[in-house]
Amino acid sequence: MGMLDFCKAGGYPVYVLCILLITYLLNQLDRYILAIVILPLAQEIHFGDKSCLPNETRQPGPLQCNNASGDKHCYSLLNANGTPYCKWDYNGNGWEYQIMAGPIFILIYTFMGIFIGFLADAANRKNLLAVSLFFWSLMTFLMGFAQEYWHLALLRFGQGIGEAGCTPFAASLIADYFPEAARGSAMGFYNWGIYTGYSLSFAVGNYITRANIMGLGWRWTFFICGIPGFLVSLVVLMTVKEPQRTQGTGERAHNVNTPSSLSLSQRLSRILQPFLSPSLLLLCLAGSIRNAGGYVWAYNAQIYFSQYFPGEDVGRWLSWIPLVGGSFGVLFGGFISDRVVKKRGLPARVWVLVISQIVAAPFLVGVLWLSPPYAFLLLIPANIIGEMWVGVTLAIVVELVPPVIRTSAVAFYLFIITNIGGNMPLLVPPLTSLYGLRTALLILFPGMYVAGSLLFLLTFCVARRDQRKITSAETEPLLPESDEVSQEEHHKRT
């Protein structure tokens, strides 16, 4: 099926898909806008680490300000006029920022995702999606009024609660609006919201802050990011219809053989059991490490370029490079996985992961080693090659678990890699204090790609053995025979 085969589903389903794409775009925009405006935000609210930064109101001098080791050294750097051209100020980094970007958001986001996943199976999904969108947009909007660090932390926590409802409800709606043959393409279109929203955050965060609307600077970025969510939530509520839930075919058509007929403990046991296998354990660890590299860069890219290249227009480059590189990377990875290695089985898919991450790592070293514009240009091949892992790992997960629990298994896999990877930016402050920000990012960005590649290679060594076990597992009943008989008798009586 082609990438746009979902268009055959009809005009209204495609309209709903476009609304869901916009919703996901706003989800990612609101999530990452904090990372883009963190420097002026931290300087106004006063939190995080301090370092020697350029004083933009003074004529530059011969040395870079970040070479200064302390406040006295910082103010001793003089320009041609004999005046200090650097200032000792908050740099946007530090424990307070990394905790707000990571754990405060990630933990509630992932745990709420489990609860919301159960709601998606029974509740009115489009209404809950509209409420979720409105709530996280409200949290984003209110961040523009923050006066203290705890205001931001509390609103960031609320952001995580609201954003947790986006993909579970959207994915469930897509599954019911589109036939099975078009769902993959529809989900691929929906996932463009990741790179579109992330890229847009650099444009909004840099240029709106620079515009200094009404003298409010960074605060208007949160206002502008939050307001569209209020409007789109009304559009979802008023124009998106709750579709009839599909029942599926084969095993899913018989109530006694579906996971929904099991108790909660039985369902959890059924989902967790495959993850005890060495191959899935290693895949989760490798995916978590690789995901960590992405989170570290997403929340520290703006800080890095602001510190080492203070005069560089970051928005000019990063407002489109993640969109182009990431989108092509996901599509290219899916093409490689489905068209090239499909006939060779799961081991070949793992090799795609191993090779792609190793090849991408040197480009990332160049990003952190070279000056703009070369640093930005190297992000293009790095994103195209490095982002291939997203779809390929999900394909491996579904091949290593029985078909009846594939959706739940994917959700659990994402839960693991998000919790581990999303909290890895906490290592940035201690490594920065020891070696500097650039070295810290070299360890936690391309270093994580290499570590992930090695773990993917280790996964390859055991994946083939575990895959053979799936054939026998697929034929096992979900319930013991006695339970199936009692279930059948119960349905006959009712």
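The backbone N, Cα and C atoms fix where each Cβ goes, glycine too.
Here is what TrEMBL records for this protein:
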TRANSMEM  12-29  transmembrane segment
DOMAIN    16-464  domain 'Major facilitator superfamily (MFS) profile'
TRANSMEM  97-120  transmembrane segment
TRANSMEM  127-145  transmembrane segment
TRANSMEM  189-208  transmembrane segment
TRANSMEM  220-240  transmembrane segment
TRANSMEM  317-336  transmembrane segment
TRANSMEM  348-370  transmembrane segment
TRANSMEM  376-398  transmembrane segment
TRANSMEM  410-428  transmembrane segment
TRANSMEM  440-463  transmembrane segment
REGION    473-494  region 'Disordered'
Among 189-208, 317-336, 410-428, point out the range having the most Cβ pairs under 8 angstroms from the transmembrane segment (376-398).
317-336
Contact between the transmembrane segment (410-428) and the transmembrane segment (348-370) (3 or more Cβ pairs under 8 Å, separation 6+):
no
Residues of the same chain, at least six outside the transmembrane segment (127-145), with any C-beta under 8 angstroms of its C-beta?
23, 26-27, 30, 33-34, 116, 119-120, 151-152, 155-156, 158-159, 161-166, 169-170, 173, 216, 219-223, 225-230, 232-234, 236-237, 240, 242
Same chain only, please: residues at least 6 beyond the ends of the transmembrane segment (97-120) with a C-beta under 8 Å from a C-beta of the stretch. Say none if there are none.
31, 34-35, 38, 42, 47-48, 128, 132, 149, 152-153, 156-157, 159-161, 163-165, 167-169, 171-172, 295, 299, 411, 415, 418-419, 422-426, 428-429
Could you tell me what the rest of the chain brings near the transmembrane segment (348-370), counting residues at least six beyond its ends with Cβ under 8 Å?
286, 290, 304, 333, 336-337, 340-341, 376, 378-379, 381-382, 385-386, 388-389, 392-393, 395-396, 399, 438, 441-442, 445-446, 449-450, 452-453, 456-457, 459-460, 463
Average pLDDT across the domain 'Major facilitator superfamily (MFS) profile' (16-464), rounded to a whole number:
85
